[in-house]
Structures are given as C-alpha cells and as structure tokens.
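Down below is the structure, laid out as structure tokens.
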Amino acid sequence: MAGCIPPPLTILGVLALLAPHAARPTVFLPASKAHELLARWRRAGSYLLEELFEGHLEKECFEEICVYEEAREVFEHDESTDEFWRTYMGGSPCTSQPCLNNGSCQDTIRGYACTCAPGYEGPNCAFAKNECHPLRLDGCQHFCHPGPESYTCSCARGHKLGGDHRSCLPHDSCACGTLSSECCQRPQRSQQNLPPFPWQVKLTNSEGKDFCGGVLIEDSLVLTTAKCSLLYRNVSVRTSSDFRVRVKGVHVHTRFEADTGHNDVALLDLAQPVRCPDAGRPVCTADADFAERVLLPQPGVLGGWTLRGREMVPLRLRVMHVEPAECGRALNATVTTRTGCERGAAADAVRWVAGGAVTREHRGAWFLTGLLGAAPPEGPGPLLLIKVPRYALWLRQVTQQPNLASPRGDQGQGRDGEPVPGDLGGLWAPTALPPGTLV
C-alpha cells in the first residue's frame, strides 16, 4: 500500500500539468471581437492615408467639393490648375454665350468676363446705354429718360441729382416722400392707432366734422376725390400734426362722372402752405410708365382712415398689386386703365373712408400710386383704387396754372404720362350738395 498515491494528491498533480496550457493565449477570436479590431485598423489607416496623400486630387475635389486653392495645392502650377478648374466647374462658361448684343466672352478662373460692343454695357452687355432699364441696380434712383446716345436721370420734387448724375438727394425741407426715422415704418400686415403718414390729411367741414381723407402732393395742394370735394361748401384740411388750413379753391376733373365714378379726382388749393416738415410733408408723384414698370411690382402701403363708430381712425395696411383680369373677376367689374386693384390682409374687414392713399417706397422715397375712391363694397375681395400716375399730365397742367401754386423749379417731373382728355377745368368754389353718407 506504500506505493499507492492518495486521491487528493492525484487530482492536484493533474491540475498542475494542465495549468501551462490554460495560461496560453487563444489563437482565434470570436467574430464580434474580430470585427471591432478590423474597424479600428480601417479608421486608423484612413487617417494615415489622408495625411500621407494630402492634396490628392481625387480626395480633395471628387470625394469632396473643393475650392480653387485646394486644387492649386495638387497641381502646383497655375496653367494646369486653371485648365482643370474650368472643366471641374462644368466646362467653359463661354460656351453658353452669356455675353449679349455681340459682346465677346473670355473665360476666367471663377467664371467669365464680357467685353461689350459699342453702345452696350452691363455684366452681360444686356443694357443699351441710351435706354432705361428699371431693374438695373446702377441706374437712375428716381426717373430715367432715354436719349440718342445715353439716358439721363432726374429726381422727384425737392430732390437733386448727386455727383454721379444718377442718385437723388433731398435738398429742401419739403422734399417729397421722405420720412423721419421715428415715423411710419412699413407695416408687416396691418397697424391701427398709429400716426398717419405726414402726407395724409383729413377734410373737415365748417362744423369741425371730419368726412374724407386726402393726400398732400405739394405744400399747398391736396389731392382727393371729386365726390369728397363737392360734399361741403366750406372745407378745411387738417394734417397729421393737427395743423388746420382753409381750402380756398377746388379743381375738379372736367370729365368727372358722378354716376359712374370715372375721373373721380380733384385738387384742393390751400389758403396757405403747410409748414414742412413740422406740420406735414408731401408725397412724391410719378408718371404712369415709372409707376407700372418700377413701383407696382413692389409691395405698397395703404394709409387711410377707417370708421370706428363715428370716429375716423388711421390705419396702415400692407398691400400688393392685383392684375386687372384677376381683379375684374373677383369684383365682377370692369377695371379700366385709370383704375387698379390692391389686396391686403383684412382689407375688406374694415370700413374705409374715401381719400386714402397707396404709396410705395423706392430707394428712399415714397411715391403715390393709388387713391381710394368710393367706399368698397362689403365682402371679400381686392380694393379698387384710382391710378393716380395715369393723371400725371393732368396734375402737371393744373399745378402750372398761375392761379394755383406753381411747382418749385426743381428737377424731377419725369416724362409725360398718358394724356387725359379734357385735362383742364376751371377753378371754382365748391357748391353744397345734399348731405349723405360718406363716400
């Protein structure tokens, strides 16, 4: 029995022999561990390759969008870089013939350059030097007049041409269409109980009752509707600053038709000028060509008076011009060349008073484009207004009469608008009509 090994010792011996094998590292990893390791190596390899091949063309300009300087680092040569860059950016830009009117095209690194034929100018030679182009940013700030060799610029009332012969600068206290910084910002939608524009006025009868609106177009002339001008015999004008002045004469368009409302315009001649800018300031006027090509495509502001009970409350509303065909369908009415439509949020939800005005801001000055005539019918739809620029020639002829305030001699009348038949009428004191509802 002495040669027998006790069982406990036998087990310990076996474990001792197997221990070195158990301590050896495993040659094969599980699949999940192997994938993690390979992913780490791929990321490290990608980083090392990008560092080793910095400036590699495929990496810089095809796998990613590159800039010219990155391509230049690859080629290290200007001519090779330029040749690659033209192809990389879609081929030669000049192949599309971007230079108009026989202009010549030259490829450049970042595009092309046009050399214009005589008589043309602009980045693409699109503009004839003697023609007016309302959309060009370097053109006339206000009015443009074509000529034999070059166009010329002029400015609205109270403004003068700058040294570049294109810009317009206010040069007197009554320069039209200008606003102080604290006044009358353009509304986003509609704004009520705010100060009216400085050219907005109210017409007041002898009893002190406000009954219509109007627009100051010169320091002593107010434009309103013919119907408003004929409501009362003794009329005064009250400005937004509460300055009150008597109307000494009325000029109604001789072709005004009370039944149809055609040519529903009149000028009020004030007994004394409105003090600018404290008591008020006139708005700028424009001819039909300038208004329709430049002003009407822009958003406008309807500034006028609305009825809240018996009180006239100022309201400003952002509006957009509506094409005549669309307006005619919406109103089931005929839109003539001397009427136009504007649409704004909730414009039809208030009771407007006749004599409100639509103005549009253009490069620092506000221009009159529409006059609100008879109160619009109830119900949704655009507002029908009088196109004031269509009466530009009539306004000019009336204001140049010796018995009305004549324009100051500053430049800026622009070209004549469409002639209006029967332009001139007599200057006469308004006669009383039977009182009625506001128009």
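From the backbone N, Cα and C atoms, a Cβ is placed for every residue, glycine too.
Matching TrEMBL disulfide entries to the candidates Cys105, Cys125 identifies the partner of Cys116 as Cys125. Residue ranges 144-180, 403-439 are listed, and TrEMBL annotates 403-439 among them as region 'Disordered'.
When averaged over the domain 'Gla' (44-90), pLDDT in the model lands at 64. For the domain 'EGF-like' (90-126), the number of residues in each DSSP class (helix H, G, I; strand E, B; coil) is 4 helix, 12 strand, 21 coil. Annotation for Cys125 (disulfide bond): same-chain Cβ neighbours under 8 Å, separated by at least 6 residues, are Cys99, Leu100, Asn101, Asn102, Gly103, Cys114, Cys116, Ala117.
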